[in-house]
Every structure is written in structure tokens, then in C-alpha cells.
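Notes follow the structure.
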Amino acid sequence: MASEPQRGSREAYDYAEVRNRSDQQSLRLRRVSSRVSNHNYPENDLRPTPAEENEEGDSGPPRELKTIPLPMALKRAVRQAQEMHVPVVSRRQAWRRRKSLHKLKEKARECLHFFTLWRKSLQKIGGNFGGGVESYFLFLRFLVVLNFVSSLLIAGFVLIPSIVFRSVGGSAVNGTGPDECTVYDPNPQGLDLFYNYFLNLLSGTGFMEYSYLFYGYYNNTTVEDRNFSYNIPLAYLFTAVFYFVFCLICIIARMGTAAQVAVATGGGAVGNYSVILFTNWDYGCQGDQATKLKQKNILYRLQVDLEEESRKKKTAALTLGQKLILYSLRVFMFLVSLGLIVAACYGIFKATNFSQIKSGVKGILGLVYEYLPSIVITIANFLVPLLGDQIARVERYSPSNTVIVALLRAVFLRLVSLAVLLFTLWRQITCEGNIESPNCKLCHYNYNDHPCWETRVGQEMYKLTLFDFLVNFALLFLAEFPRRMVVDNWSSKLAQWVGRQEFVVPANVLGLVYGQTVVWTGALFCPLLPLINTIKFILLFYFKKTTLFYNCRPALRTFRSTYSTVVFLVVLLFGWGLATVVMVYSLAQISPSRGCGPFRFFPSMWSIVPTSFYRLSETTQDFLFFIGSQSFSIPLFALSCVVMCYFVALASVYGKSVALLRAQLKLEGRDKQFLVKQIEELSRHQILKHTAGAYE
């Protein structure tokens, strides 16, 4: 009986071998038949002969065209190709070239990754404190690069040409106006005390006011030559506009990348444990430290998912009465937070008015009055978000939603506080919008209080930026380090209850968004503000890194970093929108100062665009008119709609495919669970039978 299975397997093997030989013979017959057909019809044989190909696939010497039976037109084409000496590239050579190009791209990416700013520091932060804290530092690095590139843009098109052409060229427009409006001399007369230089450095007045830092120092210079012309006012305007457009493009591109990562990783959905465990490990980790950091990072992600899922189950288990109580509590807390924001805005409004009234005071007291709006804004931005965090915890959101809600409330406070400050300045500059009032009738702006109102706005934004940096520096050395030393060296119950501080991501992200919004708002009036902000953010990175590792403990409430990155960029987009509104209104509505700046002889800043446009050649004017006409804009709009619809449909198809694949994965998992249960039952039956047979 044992020989029958062997005989059957041997017969099956012989049959398979015979079948394989017959298939090979039929394949050889087909090859021979194809060769015979090509020999009978050589005009169809476009392949080189074996003698014409070497081991590398290179073609051999060309054959004589006379010996080849081809049409005369084809022979002429071949002769022309041979005379052109067109190199023939084989498939193997093309593959090698593609492979070498791919290797070159990989090497370039590795080099760029090696020179990535703060790469090792970010890896260490993510391993010790999770992806949520790491997302803050990634956001900070993005803002550093954005401000650095923007400062290069402003320096290349505005600062350097203004320095070079300051003593060369003439005025763009020799306008006329009241003599009282054209007087502007901020330079102090006579000797000045040394401490006044320090006060001027902090407040942006004195020698700082009439420098390249602010709008008022730039001239309306135009350099014209036979082969070269440069218009400083036009370059100033277009650089500011392009700066805003460039920042918008960078934010949208970054947001698209973050959204792709959120969708690919499942975003806020729970249950991605298999994805985290089997696809998140980095096999390029070298050394025990890198391996431990990666393990901690995966641990934090699993902790976030488990906490999200437990919170979701608790919410689903609530009864109708409990849900009503919860929603009523959230509405009440929302009204409380809104009341805090309104109170803070009222305080900022009063402080700004009082500061403008006391603007003539000199000395230390005058510096305090100058910084009074910044101080009130900083206090409000410190206390209200702190109370908002406690309110968000009472509302019992999920950890990720708690972060997002607290962040949105705090951002709304900061943006509204900045808007209140700008509104107060607008009331003083434009005489509350009444140009026909006695103070604004002569110059169309309040010349008596603000002879160069653009520089005044730039000074306010400069003071806000500088004061924000000083506050972060003071908190590090006067609050965070002493707290850590007291907690570590004092064993009382109070010290243990207070403990080390947590790194609160919403509050820190809020500071970045607020600082960047201030820079965008003041970039038109203080061109070097992006450069100052670059230095500030670089120092802030090291300050925050130091306080994170030496003064902070890992957060007890973790949150997901995929959607938080998208939320950070959306909040930053709100700040960009506020700054854009301020810039557009300043360019189009408010009359520029007559005694300072590159637009001193224009009715508005935007007036230089049509003035420069009509100086162009007729061909250029016709081309630009065609771009702005309906014959160009309507087809462009239609094409944009078609392309947008195509990408929307493509995204919808991809989304459905992803949903089907996820459903299929769930079914596969259920099938595997069913098979595992069947195997367990069969194994139990086998064990029972085996034990029963042993007893028999």
C-alpha cells in the first residue's frame, strides 16, 4: 500500500516533465517559423541580426543599403539617419542610465537629509516626548526657513538696491503738496545720553527710526539708463505683494503634504495598531539611543490611539440626559471663554489709547508708556489661554479635540487683540475715518500726531516682536528654571503636587502664530522684520529645546500629531489673512505720508502701478491688457474649473478605492479570525480524541 502513492507521484512527475518538453518544443517551432517568415519578408524585419549585436547590446557596423531589398524612400531616410550619426542606445544602456540617474537622485536626497536643519534634535524630541511635541518644533523649523527665504527676497529687491542707488538717480514723481506735510526730521539734535541709545533700540525711535529698518528711510529713487532701469517704489510694492503670495504658496504646499500624511496614516481614526507596529519601524536606526527613541515614539502613538478609543467608548455609552448635561456645560463654558476674550480686547483698546496720549513722555517712564499695549497684550495672551485650557478640560473633549479647541480659542484671542491694536492706530491716523476733520483735512491723515504713520505702525510691530522675545527669555531664566530647581530639591507635598511643568503645545504654537502674524502685518512698514523674526525663532528653538529637556516632564495627556500639524497650518493661514487685509487696505485706501517713504508723492501706494504701467511700451501694454481682458480670463477660468473638477473626481475615485480596500482588509481580518477559531476547535477535538484513545 505504501508503494502506490510513490508510483502515483512518479507518474505525475513524468507527465509534468513530458508536458514541459512538449511546451519547449512548440516554443522552438514558433521561433523557427517567425524566423522563416522574417527571412521571406525582410522588409518587416526591423531587428538587428545576431552578428550586429555584441554582448552589451551595441550595434555593429552598418550594412550596405544596396544589398537590402527596401523601398527607395526608406533607403533615403536610412541614409540621412546614418549621415546624422544618431547614436543608437540599446535597452540595457537605457536601463543603466536610468539606474544611475535614480542612484544620483537618492544620493542627493541623502545629502539634503543630512543637511536638514535640526534633524537629530527633532528625532530626540520625538522619541522622548512624542509626535505631538515634535510637531511644534517641526512647525517652528518651517517658520524659520520661511522667514529666512523671505528676508533674502526683501534684501535682494529692496534693501540692497536702496543702498546702492541712494545717492544715484532722481525722484520717481516730482509732486507738489503742502509744505507742512513734507517736513519730517526724526533725528535727535545735539548730543544724546548713552542710555537713550538703549531706549531707542528697544522702542525703535531716535537713530533706529530713520534707518533701513523702517519705511520712512526709503526714498522714491528711480535709476534710468539706456540698458537698465530700476524703480525703488515699484520694487518695494511688488516685493511686499510677492512676499505675501510666496508665504501663501508655502503654507498651502505644506498643508497639502501634511494632509496627505494624515490621510495615509488614517488621521484621527483609531484601530491603526497593526499599521503602527508593522510599518512604522525605521530599519535604518543605528545604535541603542536611536532604537530606544524610536521605541518610545511608537509607544506614544499607541498610547494616543488607546486613549482616543477609550474616550470614544465612554462618549458612546452616555445616556440622553448625560449628553444634554454635557452639551449644556460646553455651551456655558463657551460663553465664559467669549466673555474673557471681550474683556481682554477692551483692556487692549484702553491701553493703546492711553499709550498714544502719553507718547511725548521721555525716559524710562516714556518707554513703559510705549510698551504698555505690548504688556497688556502679553498679559491677556498669557492669562486667557491658561484659563481656556482649564475650560477645555472641563468640557471633556478627546485629547486631540481638547488641543484643537484650546488652540482655536487662544488664536482667536491673539488675532482679535492684534486687530484691536491696529483698529486703534487706524482711528488715530485717519481721524476715526473722517478725512474732513481739522487734523486730517490738510494732509489726508493726522500729520500732527503721526508725521510718518507707516513708520509708527512699523514701530508698534517691532516692539511687539521684540517684547515677545524678551518675555520668552525672561520666562526661561526667571520662572521655568527656578521651578525645576524647587521641585527637584524640595521634598514638600506642595512642591510634589506642583511638579515639573508640562510642555503645553497649544500655547506654544499660539506664540508662533502670533509672532508670525505680527511680522506679516509689519513687513510693509518694517522691511527688515522677517530677518529679525528669523533670528528670534532660531534662538527660540534652542530656548524651548533647553526647557523641554531640563524643565519639563512628558505630558500626561497625549494627542495625535497628524491632524494637529494640519490645524497649526490652518491657524497660521488665519493670521496670514488678517495681515493681508491690513496690507491691502494700507495700499489702496490710506494716503501715504508726504514727508517720508518711497510713495510720498502719490495719492495712494497703489497709484504707482498705473503710473508705471503707462510708461511701458505699447506692445507690453497691449499684452497686459489682453491678460486682464475677458477674452483671456474667461477661457482661463473655464480651464481652471475643468482641471479642478478632474482632480476632485480623481480624489473621489481614490477615496472610494481606499474605502473599498479598508473594507476588504476588515473582511480579511474577520476571515482570519474565523479560521483561527476553526483551527482551535479542530485542535480541541483532536486532543479529546487522542485522550479518549489513550484511556481506551
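Each Cβ is built from the backbone N, Cα and C atoms, and glycine gets one as well.
TrEMBL lists 1-66 with the feature region 'Disordered'. Under the heading compositional bias 'Basic and acidic residues', TrEMBL lists 7-22. Residues annotated as transmembrane segment in TrEMBL: 138-160, 194-213, 234-255, 324-349, 361-384, 404-426, 464-481, 518-543, 563-585, 632-654. Per TrEMBL, the feature domain 'TMC' maps to 452-561.
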>> How about long-range neighbours of the transmembrane segment (234-255): same chain, 6 or more residues beyond its ends, C-beta under 8 Å?
In response: 142, 146, 149-150, 153-154, 157-158, 161, 218, 520, 523-524, 527, 530, 566, 569-570, 572-573, 576, 579-580, 583, 587, 598-599, 605-606, 608-609, 612
> What average pLDDT is reported by the model for the domain 'TMC' (452-561)?
Replying inline: 83
>> With Cβ-Cβ distances below 8 Å as the criterion, list the same-chain residues six or more beyond the ends of the transmembrane segment (138-160) that contact it, or say none.
In response: 117-118, 122, 212, 218, 232, 235-236, 238-239, 242-243, 246-247, 250, 254, 509, 512, 516, 519, 523, 527-528, 530-531, 533-534, 537-538, 540-541, 544, 565, 568-569
